[in-house]
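Notes follow the structure.
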Amino acid sequence: MTTATATLADVRTVNVPLGSRAYDVLIGPGLVARAGALIGERLGPARCAIVTDRNVASFHLAALEAALGADGRLVGSIVLPPGESTKSFRELEPLCERLLDTGLERGDLVVALGGGVIGDLAGFAAAILRRGVRFVQIPTSLLAQVDSSVGGKTGIDTPQGKNLIGAFHQPGLVLADTDVLGTLPERELRAGYAEVAKYGLLGDAPFFAWLEKNHPSVFALDPGPLTHAVETSVKAKAGIVGRDETEQGERALLNLGHTFGHAFEAWCGYSDRLLHGEAISIGMCIAFRFSAAQGFCDAAAADRVAAHFTAVGLPTRIGDIPGDKPDIEAMMKLMAQDKKVRHGKLTFILARGVGEAFIARDVPPDTVRGFLAGEIGASAGR
Ligand SMILES: NC(=O)c1ccc[n+]([C@@H]2O[C@H](COP(=O)([O-])OP(=O)(O)OC[C@H]3O[C@@H](n4cnc5c(N)ncnc54)[C@H](O)[C@@H]3O)[C@@H](O)[C@H]2O)c1
Ligand SMILES: O=C(O)C(=O)C[C@@H](O)[C@H](O)[C@H](O)COP(=O)(O)O
Ligand SMILES: [Zn+2]
């Protein structure tokens with residue numbers, strides 16, 4: 001599914017400025033077919049082990065194997081089950097052993113070909129294999145192209161909460177081939193769009209306004225608007241990560257909607273019932289409604305956010321989650337595991353308006369409990 005006629009002139013490059021660990025994110029068509037040469041130019045003659053999932057493999061693995069096999073650098077491909085539940089200890093252990101069986105050395109490369117699940121899992125395996133081997137991200141979902149492949153957060157989920165076991169481990173290169181999005185299911189495209197909109201909501205009001213107008217072209221995968229949306233997102237993330245790699249401060253803004261959203265995902269058992277992007281769509285709407293309830297922003301801003309997510313077909317309320325409704329005490333327990341908790345206090349990303357998110361470190365649990373109980377109550381019978 002790559003464009004044979006695409007040239008490197010169509011490719012945008014965003015640098016993630018991390019000193020000795022800086023790397024490029026290439027965005028554009030035809031990158032999978034050129035992966036061998038692009039990796040060779042930037043990372044030298046390393047050998048590669050591909051990690052992917054069954055869905056992605058069925059469309060794109062042969063092309064990547066051909067690209068990496070051409071110059072003899074491919075040592076093997078590992079194909080895992082698709083879905084969030086793959087981001088687990090259950091899959092991590094055999095993955096590490098299979099990677100060791102390929103004989104991959106520290107200077108070699110784990111190549112993650114897939115969405116955020118494969119990127120997070122394979123990146124974490126690379127971080128702990130032989131105490132750290134290099135890795136390359138080839139993100140194949142919209143979510144992975146705009147968010148998870150950039151910034152070095154890797155890890156797995158546990159019943160206690162999302163991404164609670166993991167490491168910061170930066171990739172050496174990211175190849176975001178926009179052609180591969182052509183095979184992504186519509187629901188996954190929508191879920192990834194929630195993270196695109198996040199960049200507008202957290203710090204770029206003009207970008208959010210652009211999305212309100214241009215979202216049909218993004219969903220149609222029109223190359224110009226699609227590349228603009230991916231590049232704007234990656235630039236925003238690269239800037240934040242470059243200033244605060246390990247989330248001591250500003251990086252927490254990228255967590256807008258996630259304290260609520262992660263708790264919903266855990267409640268749903270990390271299943272297809274609720275995708276990550278859907279969970280954070282609801283989470284961002286709640287964060288804006290909560291901000292309005294606390295007097296930080298106008299109710300009109302919260303309405304505007306929900307109206308846009310509704311327009312693109314994303315869920316905005318707890319009542320949009322299929323099945324039984326979350327239990328408030330279970331939610332509070334899950335949110336208490338959030339990695340932003342400091343001295344036992346919950347941290348939320350709230351907003352003064354569209355494009356004006358801020359970090360609120362001192363939100364009293366009872367205020368959150370009361371508000372969220374109201375959101376859950378309002379969803380009853382929906
Ligand atoms: N590390 C980070 O900074 C970061 C950022 C955001 C999200 N995440 C994590 O990313 C995960 C979600 O990622 P996701 O939405 O990509 O989910 P995913 O990896 O499960 O991919 C979505 C689905 O689409 C399929 N798919 C992917 N690319 C395809 C393609 N081109 N053609 C056909 N099918 C394709 C996959 O097989 C899967 O079924 C979550 O675990 C989330 O926590 C991490
Ligand atoms: O890169 C970041 O920083 C983010 O917060 C991006 C989020 O979209 C992503 O879901 C991330 O995995 C959440 O991180 P966590 O530290 O809350 O697990
Ligand atoms: Zn996210």
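The backbone N, Cα and C atoms fix where each Cβ goes, glycine too.
Values in this document were obtained by computation on a predicted structure and should not be read as measured data.
Per TrEMBL, the feature NAD(+) binding site maps to G116, V117, I118, G119, D120, T140, S141, K153, K162. For I118 (NAD(+) binding site), the count of additional Cβ atoms within 10 Å of its Cβ stands at 30 [all protein chains shown].
All protein chains considered, the CB of H258 (Zn(2+) binding site) has 25 other CB atoms within 10 Å. The feature Zn(2+) binding site is assigned by TrEMBL to E195, H258, H276.
When pLDDT values are averaged over the domain '3-dehydroquinate synthase N-terminal' (78-190), the model yields 98. Under the heading domain '3-dehydroquinate synthase N-terminal', TrEMBL lists 78-190.
As annotated by TrEMBL, domain '3-dehydroquinate synthase C-terminal' applies to 192-341.
Close to ligand 3, meaning a Cβ under 6 Å from one of its atoms, is not one of the binding-site residues G116, I118, D120, S141, K162. With a cut-off of 8 Å between CB atoms and residues at least 6 apart in sequence, the same chain places K87, S148, K153, T154, G155, I156, N163, G166 near D120 (NAD(+) binding site), listed in sequence order. Selection of the binding-site residues G116, I118, D120, S141, H258 by a Cβ distance under 6 Å from ligand 2 yields, in sequence order, H258. Within the same chain, the residues at least 6 positions away from E195 (Zn(2+) binding site) whose Cβ sits under 8 Å from its Cβ are L142, L143, V146, D147, S233, G277, I280, listed in sequence order. Among the residues G116, V117, I118, G119, D120, T140, S141, K153, K162 said to bind NAD(+), no two Cα atoms are farther apart than 21 Å. Taken residue by residue with DSSP, K162 (NAD(+) binding site) is part of a strand.
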